[in-house]
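Asker: For reference, the structure I am asking about is given below.
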Amino acid sequence: FSEIDSSFFMVLFVAAIILIKPVATALTLGSGGSGGIFAPSLFIGGVTGYLFAYLINLTGIAEPISTSNFTLVGMSGVMSGVLHAPLTAIFLIAEITSGYTLFVPLMIVSAISYSTISYFEKYSLYTKPLIEKGDLIYHDKDRQVLSLIDLKKIVETDLLTIDPNASLGSLVDLVRFSKRNIFPVVNEQQELMGIVTLDDIREIMFDTDSRKNIIVNTLMHSPPTYVSSKESMQSVMIKFEKTGAWNLPVIDEGKYIGFVSKSRIFNAYRKKLIRQQID
């Protein structure tokens, strides 16, 4: 009876470690503490491999298996998946054990682990944050050039804005001096309330009654989306692609900054590409 109790508590203890360790690591890294991914992945893999072998031996359904071997194979499997580095995991464990007796099991487990995680997650925990920020390029010339473009330098801040409570007549007066067909509707707090395009008022802009009675906030509509000046160019281009828009507003901390156009991005892209070829 005591032996069963001790085995039960052993399984419960090791299972608790497997569950708690990833949470502790995530809290440490997420709060800005000092830590890493390499050592925790080895630890979790080793403990998981040990628990698996211990449970198999506990059930007695087969000949006793080596818990130490399964500990090492588990380390290799988790490391392969987390780091996306199966070869590194295989040879590291082989070097740790000072031999290649486990080479075939290491290869099988690492291959399964890497194939499984690659189906769900394309990048490793090391590279994913950099790729999401656009700081790391994976053999893509277009993305590499786009990453060199500073969005803040191509934002158009000279578009004529209109108050939401202004009349259509006031907006028509702006049309005379504007070189663009987009008019951002901005309130006193510099918040973007909507936009009005020349196509929205083309049929009524010369009607005298409409110019006096129609208010801008009844004509404006929301842009399809907006971007931030801190976004990567990859993220901005994805938004252009999804919305099909040629102009998107730039909003920082809720305040209207200006507009960015796809044509200006293409122009900046062309200049960067030419400069790279010259260099």
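Heads up, the Cβ atoms here are built off N, Cα and C, so glycines get one too.
So TrEMBL lists these for the protein:
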- 7-31: transmembrane segment (TRANSMEM)
- 37-58: transmembrane segment (TRANSMEM)
- 70-94: transmembrane segment (TRANSMEM)
- 100-120: transmembrane segment (TRANSMEM)
- 155-211: domain 'CBS' (DOMAIN)
- 220-279: domain 'CBS' (DOMAIN)
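Tell me about the surroundings of these features in the structure.
Answerer: Listed as Cβ neighbours of the transmembrane segment (37-58) (distance under 8 Å, sequence separation of 6 or more from its ends, same chain) are residues 7, 10-11, 14-15, 17-18, 21-22, 25, 29, 64-67, 69-79, 82-83, 125-126.
Long-range contacts of the transmembrane segment (70-94) within the same chain: residues 37-38, 41-42, 44-50, 52-53, 100, 102-103, 105-107, 109-114, 116-118, 123-127, each at least 6 residues beyond the stretch ends and with a Cβ under 8 Å from a Cβ of the stretch.
Within the model, the domain 'CBS' (220-279) shows a mean pLDDT value of 88, rounded to a whole number.
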Asker: Using DSSP, what is the helix/strand/coil residue split across the domain 'CBS' (220-279)?
Answerer: 28 helix, 15 strand, 17 coil
